[in-house]
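One structure below.
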Amino acid sequence: MAKQVFQTTFAGRELIVETGQVAKQANGSVVVRYGESTVLTAAVMSKKMATGDFFPLQVNYEEKMYAAGKFPGGFMKREGRPSTDATLTARLIDRPIRPMFAEGFRNEVQVINTVLSYDENASAPMAAMFGSSLALSISDIPFDGPIAGVQVGYVDGQIIINPSQEQAEQSLLELTVAGTKHAINMVESGAKELSEEIMLEALLKGHEAVKELIAFQEEIVAAVGKEKAEVELLHVDAELQAEIIAAYNSDLQKAVQVEEKLAREAATQAVKDQVTAVYEEKYANHEEFDRIMRDVAEILEQMEHAEVRRLITEDKVRPDGRKVDEIRPLDAVVDFLPRVHGSGLFTRGQTQALSVLTLAPMGETQIIDGLDPEYKKRFMHHYNFPQYSVGETGRYGAPGRREIGHGALGERALAQVLPSLEEFPYAIRLVAEVLESNGSSSQASICAGTLALMAGGVPIKAPVAGIAMGLISDGNNYTVLTDIQGLEDHFGDMDFKVAGTRDGITALQMDIKIQGITAEILTEALAQAKKARFEILDVIEATIPEVRPELAPTAPKIDTIKIDVDKIKIVIGKGGETIDKIIAETGVKIDIDEEGNVSIYSSDQDAINRAKEIIAGLVREAKVDEVYRAKVVRIEKFGAFVNLFDKTDALVHISEMAWTRTNRVEDLVEIGDEVDVKVIKIDEKGRIDASMKALLPRPPKPEHDEKGEKSERPHRPRHQKDYKPKKEFTETPKDSE
């Protein structure tokens, strides 16, 4: 295929697509240039159907540091495991693509996005999402696209598509919306307490922009697209399916309607085990035994899926007996753990999350060194999902993509209400431990996080609560569900998570299994979520009505002082010698930023006070008219040098030592003496003159002696430097002889 170039303008930037030049052995590949960001996307498909009961789709987003003209960090100086941002971007691309493959498609598909050049004002993630859809669409891989995505901002009351970095910093909204030309199928957002109306407007305007990108893709597919390959889809034997449904559907229906999760799982598993045993015996010697048993398992899964959906859409009954807009029983607890800086335990039905707060000096912030300029991350929210939370055994190790994604969602939801660094100069870490799970564990972690922050004395602007909404859609009819449990998530069509305060939304996340949802469904889901959010906030506020006024006794206390920027090097000292000495002497932790803000941390207030005193002394400046208790450190003929404080000395001239005349400095002071002095002058070079006599009472002028007679002592005329007293002669001058 010869190289072809397609070009348009989108959101004020050039969008160029090149095909037929690179990565030609992949099923489909494109180079997308958006502004000065360049992304290569290659899509490949395995030749055979994979084993397993899921579609093996892998989407990667690979950040090459050379794209931003940077060296990778670390000893190896080579890219290693994906960054958190890269992992989140890969998930962002995976989620709108996954629903666009046919039911039963089991061939492995990999979509690899490589960032080759990076322009911080032209979104590389959105270029990668565009490239992923286009590479699949022009390939022979059976993909029912195209899809596209855009970023949406909200600045000065205006919706902005693909905002620049400067606009993004000012924006009250950080939204990514993706979909087909007919409907939205993925949402990811953080927001500064925006209303449902503004969020809906942003979603719909974002979708209008998505349609533009899809039209451009369709033009390219028409020009260079390949014919789609014929692949085998997983299907079950129709006669076997009819036989099992007729014999066991009523048993499975009863099992599905058991309200308690573990009892329901046991009941449904008992039916499945019974059916499996029957057919294992029946087809034990059949040459296609493995295929038949795979079909039996798939048929039973389909039967359970169909019954759950029928109950909700036709009978308006949920598996646990709730109404469609009813929340499971709620419980909130603070101070679940001693010694920690704050803790909250939140339970919703059989979903339970424990959140633990840790406060630390700003030196503990996370340094993020990716394609963007390096920055420090002050707030971290980590989410852990152990297998025991669902009563199973399984893998333990580093967090997977799901845990990273759920942690990031909670982080966005809670970050919007955190105090500023000036108000609360701490690094903040929340860890959510999911102790039980039956759906919506990420939203439980947000609620538990609010409890931990409030109990720990972090002055958040308002409590945040989260709720997960579901959808069962059957043709033209649909049912929106409040607070979905695991079964409804598994067999439903949508998982729409909404978090926020009473004043507005702080985070959204939507994943769907169908190809899109309408504005009508979005509106209804947002309205139901708001009602549910307020119910949860009632429970949180009843448990802890307001943020505690003080930090936990075990949390590090903090004091701050401001120093001149040019004094920072004095506090740090050569090679950190001075600051290390202060830390060793007092046991505190000290952080100094580039603006001269010094933060001192310790659990011991006396230690903080001592460190603060030392630092204040190091950067202290003498001021005219201030009085100091000084120590004589050097004596010269013309005066004495005294140490005012630390490394600041002043000269007390001999004439400023006393009101009476003296010829020798040593007659008044010796080295080591402590004297009170007053600063009388600081010249342009910073040299300080001080006076002792300025603090002494001025003696009266000696105009008369004790008898009241006028003194005969000659007066020294003022302002005559060379004046000498007249000499009194006692002998007759020689000239008179």
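Using the three backbone atoms N, Cα and C, a Cβ is placed for every residue, glycine included.
Here is what Swiss-Prot says about this protein:
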BINDING   Asp489, Asp495  Mg(2+) binding site
DOMAIN    556-615  domain 'KH'
DOMAIN    625-693  domain 'S1 motif'
REGION    691-737  region 'Disordered'
COMPBIAS  700-737  compositional bias 'Basic and acidic residues'
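Taken residue by residue, the domain 'KH' (556-615) breaks down under DSSP into 32 helix, 16 strand, 12 coil. For the domain 'S1 motif' (625-693), DSSP puts the residue distribution at 7 helix, 36 strand, 26 coil.
Within the model, the domain 'S1 motif' (625-693) shows a mean pLDDT value of 94, rounded to a whole number.
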